[in-house]
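Could you have a look at this structure, given as structure tokens, before my questions?
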Amino acid sequence: MSTLAPLRLLREPSNASEGNHSNATVGAGGGWCQGLDIPNELFLALGLVSLVENLLVVAAILKNRNLHSPTYYFICCLAVSDMLVSISNLAKMLFMLLLEHGVLVMRPSIVRHMDSVIDTLICSSVVSSLSFLGVIAVDRYITIFYALRYHSIMTLQRAVVTMAIVWLASTVSSTVLITYYRSNTILLCLIGFFLFMLVLMLVLYIHMFALARHHLHSISSQQKPPTAHRGGSLKGAVTLTILLGVFFICWGPFFFHLILIVTCPTNPFCACFFSYFNLFLILIICNSVIDPLIYAFRSQELRRTLREVVTCSW
């Protein structure tokens, strides 16, 4: 399989020549640095699963008026972003395969233009997906810590403005990123954005977990005799671990790749890491598959609506 990279800047560090890359690969450890050959069928299968899952989430939220709230609108936007991640990567793969097999014949200038358009769509979907993960975390935080004021804080109008800002900022930033992809400053901004989202989610979700644990402890201490609250705390800890663990595992390698491009583009061991890019891309697509399971399908109301959607009970 040819290397399938969503961003031009990720295919190979711009300041590392082909010869340096080859020498680094040989010098860093032979077979381990040959990368991972991931079949096109796996990209296609995961992309289709993600597309179907997230499409069902969007359909269920649009169908059920009880789900027309800021929280579910944010989940809907996350599903749309994840759909775009899958669609754009599938489009990239098909575009490259058609060119490689001679089915699609275009002038080099048109190919470059199409490549930039698809890269911009991929980058925009990735940035918006990360952004809505952060927005959902903030929304949940407000729901828990400002429950009585939630509807006055997170009004429908503010939710719409937030969604519009995220989509606009994602589009503009992605266009700038693809245009100036050789600039380390642009890469550092993208890395900083990921680290900001990671810290934001860590702080908010750990604070929410701490409050839930304190609440369980208070309830337990007021009962006669006191009851154990360990089970509830353990469940909350498991949920928190899954949520943050999935985020870090799926997105971490992708952004660590960017960090290495900035810090050590010609280092032999960094070159080995670069050769596993397809694996990092698979993890991002896997995140688009897992997100509905974490953020959407746990809702009983949404699951009921999904059954109606699947059985065409409109």
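Including glycine, each Cβ sits where the backbone N, Cα and C put it.
Got these off TrEMBL a minute ago, pasting:
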- 53-295: domain 'G-protein coupled receptors family 1 profile' (DOMAIN)
- 42-62: transmembrane segment (TRANSMEM)
- 74-97: transmembrane segment (TRANSMEM)
- 117-138: transmembrane segment (TRANSMEM)
- 159-179: transmembrane segment (TRANSMEM)
- 185-212: transmembrane segment (TRANSMEM)
- 233-261: transmembrane segment (TRANSMEM)
- 273-297: transmembrane segment (TRANSMEM)
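Please go over these features one by one and say how buried each is and what sits next to it.
Distant neighbours of the transmembrane segment (74-97): 2, 4, 6, 40, 43-44, 46-48, 50-51, 54-55, 57-58, 61-62, 104, 114-115, 118-119, 121-122, 124-126, 128-129, 132-133, 135-136, 139, 159, 162-163, 166-167, 281, 284-285, 287-288, 291-292, 295-296; these residues of the same chain sit at least 6 beyond its ends, with a Cβ under 8 Å from one of its Cβ atoms.
Sequence-distant contacts of the transmembrane segment (117-138) (same chain, six or more residues past either end, CB-CB distance under 8 Å): 6-8, 71, 74-75, 77-78, 81-82, 84-85, 88-89, 91-92, 95, 162, 166-167, 169-171, 173-175, 177-178, 193-194, 197, 200-201, 204-205, 247, 251, 284, 287-288, 291, 295.
When Cβ-Cβ distances below 8 Å are used as the criterion, the transmembrane segment (185-212) is approached by residues 9, 127, 130-131, 133-134, 137-138, 140-141, 144-145, 173, 176-177, 232-233, 236-237, 240, 243-244, 247-248, 251, 255, 258-259, 261-262 of the same chain, each at least six residues removed from its ends.
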State the residues, same chain only, that lie 6 or more residues beyond the ends of the transmembrane segment (159-179) and have a CB under 8 A from a CB inside it; answer 'none' if no residue qualifies.
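Distant Cβ neighbours of the transmembrane segment (159-179) are 7-9, 70, 73-74, 77, 116, 119-121, 123-125, 127-128, 131-132, 135, 186, 189-190.
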